[in-house]
Amino acid sequence: MTITVVGRGHSAGLILQVRGFIIYGLSTALTYRHLSFGRDCKKVSKRTRPSSSRDVLIDMKFFWRKAPIETERQVQANKNVFNDSFHYKENYIKTSKYNIITFLPMNLFEQFQRVANIYFLLLLILQLVPIISSLDWFTTVVPLVGVIAISAIKDGSDDYIRHKSDHQVNSRRTQVLTNGELRQHVWMDIKVGDIIKLENNQPIPADLLLLSSSESLGLCYLETAELDGETNLKARQALETTADFGDDVVKLSTFTGMVICEPPNNRLDRFNGRLVLEQAEISLNSDNILLRGCMLRNTDWCFGLTIYAGSDSKLMQNSGKSHFKRTTIDHLMNRLVLCIFLFLLTMSIILAIGHTIWEVELGEKFHVFLPAEPSMNNAVFNGFLMFWSYIIILNTVVPISLYVSVEIIRLGQSFFICWDVGMWNQESGIAHARSTNLSEELGQIACILTDKTGTLTRNVMRFIACSVHGKLYGNLDNDDGSEDTVEGDKYAPKMDAALLLAAKSWNEHVTEFFRALALCHTVVAEQDEKGNVVYQAQSPDEAALVNAARAATFRFESRARELIELNEPAPIGRRFLQVVALLDFTNERRRMGVVVQTPEGKLVLYCKGADSAILPRLKAGSDHLADITTEHMHIFAGSGLRTLCVAMRILDETEFTQWSTRLHQASTAIVDREEKVAAIYEELETDLTLLGASAIEDRLQEGVPETILSLLSANLRVWVLTGDKQETAVNIGYSCNLLSDSTTELFILCGSTIEEVSQELRTFQAKIDLVCRHWKLSLLMESKPAPYALVINGPTLALALEPATQMEFLRVAFSCQAVVCCRATPLQKAQIVELVKKEGRVVTLAIGDGANDVGMIKAAHIGVGITGREGTQAALASDFSFGQFQFLQRLLFVHGRLSYQRTAKFLSYFFYKNFAFTLVHFWFAFFNGFSAQTVYDEWFITLYNLVFTSLPVLALALFDQDMGASWSLAFPSLYEPGRKSELFNSNIFMGGCFRAAIASLALFFIPFGAYSGAADYQTFALVAGTSTLLVVGLQMAMDIMYWTVVNQFFLWGSTAVYFAAIFTMSCDGMHLVFPSEFAFVGVPRNALRRPDFWFTVLLSVTISLLPTLIYRFIQIDLTPTLSQKVACMAKLNRTAPAPSKKPKKRPALSQRSAYAFSHSPGFGTLVMRGVNKVAKRKPQYQFGPNLVNFQYMSNVS
């Protein structure tokens, strides 16, 4: 069925232009340029609008038509009608939870997941029945509506921020090829099949097939920080068929090739498809695809065909869903409220049965002078009505003010986080608490899952020291945090003065060392806005080494295919060298090499790589130099630096020519090409001359090692989830103290099948069982971990997360002191968090700084975002955000610990005071014929939780602390009670209820015994009410450990307000105006004059509090907790402990080589094909018979 609405003209027609929100209940998108309903509708937009702007056509089909499952995607360039027939997603994205239509029902649904809210709703319904209600309905409806309104406003404001972020992204502009010309469009208007033009430093708006670029052979360069956290340069290449299009708009607009590929998925490292063009089919892979979230770098322009848009893009497929997060205490409170409700039912049933028995035995005797209605003569029916009456009277065991108070406390604790200057830094400003209902959960974290790049590290590598021909250069002890900057570059080499002098004075060994660093790489040079040459590298190691060579006056200027422009110290200056062969990096080789021909015609092989790949290939007689260099590398590794060896070899021209022939044969082989090429490389990389070794610092965020040590000291599990290679991640693990030389063994999980992974896990578990053996995961988390570490990469991780192996994997991981997951995709990060949450049953915290971390941040109980180099996506999706990883220590050990401690104390006290208050009614029922008569005055019941006891307990929950922040940071073990939920759990709750029951016995029977038969009911009620208020007030005074002016004012002020209120409500004037509401006329004036009143109150209070005083005295004296010991130290010694010093670096047992582990095989070959635009002059050269022989034409600097 189709509905068509046609309008013509302003007065006679209908013009629809809707701007703003999205109605997702009925439609896929309703945006300020689109009005659409369902997947099958035709959109009206600025691009597809009819030629007459006054004509609007809307075609709407029923939205309930189910879309077919997509098995493959067909996209034809410049054919919108064909592509629209598949109803692919447009480029609009949505990260918010609500819209105007769905906000109210969805929010109410979320809020009524709280058992207490449902309980109070039912209670409100009961109070509307006059025959059973003894309290007015407004005593419940006003607090209930208030709580729901406060929570709704808070949730709505949080979601409004997400809406603004979505609008900002969707409104970005880009150039789209439309009707043969380029036009500016917003991102959300991009559709599958559109051809888009991107320019340098622009973000990519959708997943595109690269068609052409400004670089030679259709190359372009990307920064993928939002996808995998790496700021390294990645290369992509267009197909030869489309690369020839260049920027010719005519050719691009007539291109009608069809792409047939896999349906949308979350695999960032894989793309399978083919391009069908003029009866020919060309294979497509991930090297031809530009993914949304990447940034175009070092490329003037490029054109791409949109394949996946919006939520179908791989970035959004990995982003995860927003979850409604509730704390562990919320879940516990739901269970406790259910138990309390059952307890309430039990009490009401007992009292209803008692009333029925009383009616049968004694009630009929009262009918002589208190006649009852005929319908009320049935004792069973009266008992039934009395059951509901007691449900209403005893409902104060869980008052609605509990949830109002909890929301206020959480809001106040969130403000404390934002106001903490200890978590402020200049770059990102203050910390932000974006979710205001999770503060106490910060005190119960058991497992921390962190990103590496940009979170633990600064994304900056720095050259620190080197060993050249057996001599060590660099000051490893100088760690002042300063950076010697190179103009126009973010990588900052730290050069030793003696090393610089040796380079400028043409020391033979130092010269060759830096020349090797300046030539043996795949770095691409570009100019910034100021005209300075900056380096874009696939690996940050590469950029750091080339920058070190530049600082030593061996300046890499540009690359033009096989030519490298190098500026050396005087008197040589600028010259061009030809790269005649590049021996590319692979994971197995762990090294790379480059063969260059100098202007003098000499052939030189420069090689760099891991020590295990270079040292065995040295020429004979190099043992002594190798031993000295190895000793220096031990020193570097002991300081947490990444090392690599540098070597060279002078080649014979005839030998090289023969080798080139064999290399060509191997590179064209059909079978085992990679193995044959690697073997040919091996032939040339022999008889090397060792030049030296470099030491690079992968700069950690400030305070990371100290923070990791503190977290481990609190027995928290710390897992690193990163997209980096294995060696890089392990190296950082050692640098940040997550791994140490005390680690007995690194378990490397690398199986390629489920059976292999399972066997490896069983082998690891057998070793762990020799140290500790716990079969329950909860016990594993509470016990001290075994001295092992688990390392696993992305492909193997996918197998370990399968149902058949996930429990084995989790058991091994929980037993180890550290877990490092390498090459993990964003989705895998989120899956790991979900697995730890679901099966491990522990509270998780995920922390990251990039868009690739959003999934795990949303999945964890607590998501923390770092505002850093990779943008603000992680911060916007997080619950808490700040600028540096080191602030996590303060967030958990200070704010988290105090928030949990305060909330636990608040709940224990709140249930205590309400049970003590309510159980008095229960005991009184046995002496009033089970008639549902209350002990206290009705106004005292109404004001007890709202006025008399609300503010003191709020002050307790907001300001109480057992010690200062510095003491909490100095003793990380203080965090353990929260992690183990020791301060508030079912046992603590039951203990508090038992103490409240004992107190209620004293609060009822002592006044009842003192005044039974000797005083009126009003005086008895006043004594019981006054005793109850003083008992709960003094009980809280016993719980307060940090007295402030606010505590004093609220506690004693509330007591004063109570006495002022009872005098006011019992005065003659109030009774004359409201005779039925204020019946206790003159009672306080008479009762407070009598000594027996005060003696009874004193006796009731003393007996009620005495058991608690005795228990606490014995407990503190015999079994004091760590918190009590440290609190005593803090009181005796007011001087805060000195901040922990930076951990001393110890010599490593073995050096950790870390050469370019972010490299991807084949990148060097791609770079060699491109033309670097920085080159400003071309060398003049002529070809020799076999090799290129340069005529040296450059001017001497």
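All positions are counted from 1 along the displayed chain.
In case you wondered, yes, glycine gets a Cβ from its N, Cα and C as well.
So that you can see what the record holds, here are the features copied from TrEMBL:
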type	residues	note
ACT_SITE	Asp451	active site, 4-aspartylphosphate intermediate
BINDING	Asp451, Lys452, Thr453, Glu542, Phe585, Lys608, Arg642, Thr722, Gly723, Asp724, Arg823, Lys829, Asn852, Asp853	ATP binding site
BINDING	Asp451, Thr453, Asp849, Asp853	Mg(2+) binding site
DOMAIN	75-141	domain 'P-type ATPase N-terminal'
DOMAIN	875-1120	domain 'P-type ATPase C-terminal'
TRANSMEM	12-32	transmembrane segment
TRANSMEM	115-131	transmembrane segment
TRANSMEM	137-153	transmembrane segment
TRANSMEM	336-358	transmembrane segment
TRANSMEM	378-404	transmembrane segment
TRANSMEM	906-927	transmembrane segment
TRANSMEM	939-959	transmembrane segment
TRANSMEM	988-1011	transmembrane segment
TRANSMEM	1017-1037	transmembrane segment
TRANSMEM	1049-1073	transmembrane segment
TRANSMEM	1093-1114	transmembrane segment
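Nearest in space to Arg642 (ATP binding site), taking C-alpha to C-alpha distance over the recorded positions Asp451, Asp849, Asp853, is Asp451. With a cut-off of 8 Å between Cβ atoms, the residues of this chain six or more beyond the transmembrane segment (378-404) that come close are 114, 116-117, 119-120, 123, 126-127, 129, 131-135, 140, 143-144, 146-147, 150, 337, 340-341, 343-345, 347-349, 351-353, 355-356, 359-360, 363, 910-911, 914-915, 917-918, 921-922, 925, 930-932, 934, 941, 944-946, 950.
Between Arg823 (ATP binding site) and Asp853 (Mg(2+) binding site), the C-alpha separation comes to 13 Å.
Neighbour counts of Cβ atoms within 10 Å were compared for the binding-site residues Thr453, Asn852, and the top value is held by Asn852. Residue density at the residue listed as 'active site, 4-aspartylphosphate intermediate': 29 other Cβ atoms are found within 10 A of its Cβ, drawing on all protein chains shown. Sequence-remote contacts of a segment are chain residues at least 6 beyond its ends whose Cβ falls under 8 Å from one of its Cβ atoms, and for the transmembrane segment (1093-1114) they are 916, 995, 998-999, 1002-1003, 1006-1007, 1010-1011, 1019, 1022-1023, 1026-1027, 1030-1031, 1034-1035, 1038, 1087. It is 1049-1073 that, among the stretches 906-927, 988-1011, 1017-1037, 1049-1073, forms the most Cβ pairs under 8 Å with the transmembrane segment (939-959).
The Cβ of Arg823 (ATP binding site) has 19 other Cβ atoms within 10 Å, all protein chains considered.
The number of other Cβ atoms within 10 Å of the Cβ belonging to Asp849 (Mg(2+) binding site), over all protein chains shown, comes to 33. Closest to Phe585 (ATP binding site) by Cα-Cα distance, out of the recorded positions Asp451, Asp849, Asp853, is Asp451. Of all the binding-site residues listed here (Phe585, Gly723, Asp853), it is Phe585 whose C-beta has the fewest other C-beta atoms within 10 angstroms. Per-residue pLDDT, averaged along the domain 'P-type ATPase C-terminal' (875-1120), amounts to 89 for this model. Counting in whole angstrom, Thr453 (ATP binding site) lies 8 from Asp849 (Mg(2+) binding site) by their C-alpha atoms.
The DSSP breakdown of the domain 'P-type ATPase N-terminal' (75-141), given as helix, strand and coil counts, is 31 helix, 2 strand, 34 coil.
For Arg642 (ATP binding site), the number of other Cβ atoms no farther than 10 Å from its own Cβ, over all displayed protein chains, is 28. When the alpha carbons of Gly723 (ATP binding site) and Asp849 (Mg(2+) binding site) are compared, the span between them is 13 angstrom. Across the structure, the residue listed as 'active site, 4-aspartylphosphate intermediate' and Asp853 (Mg(2+) binding site) place their CA atoms 7 angstrom apart.
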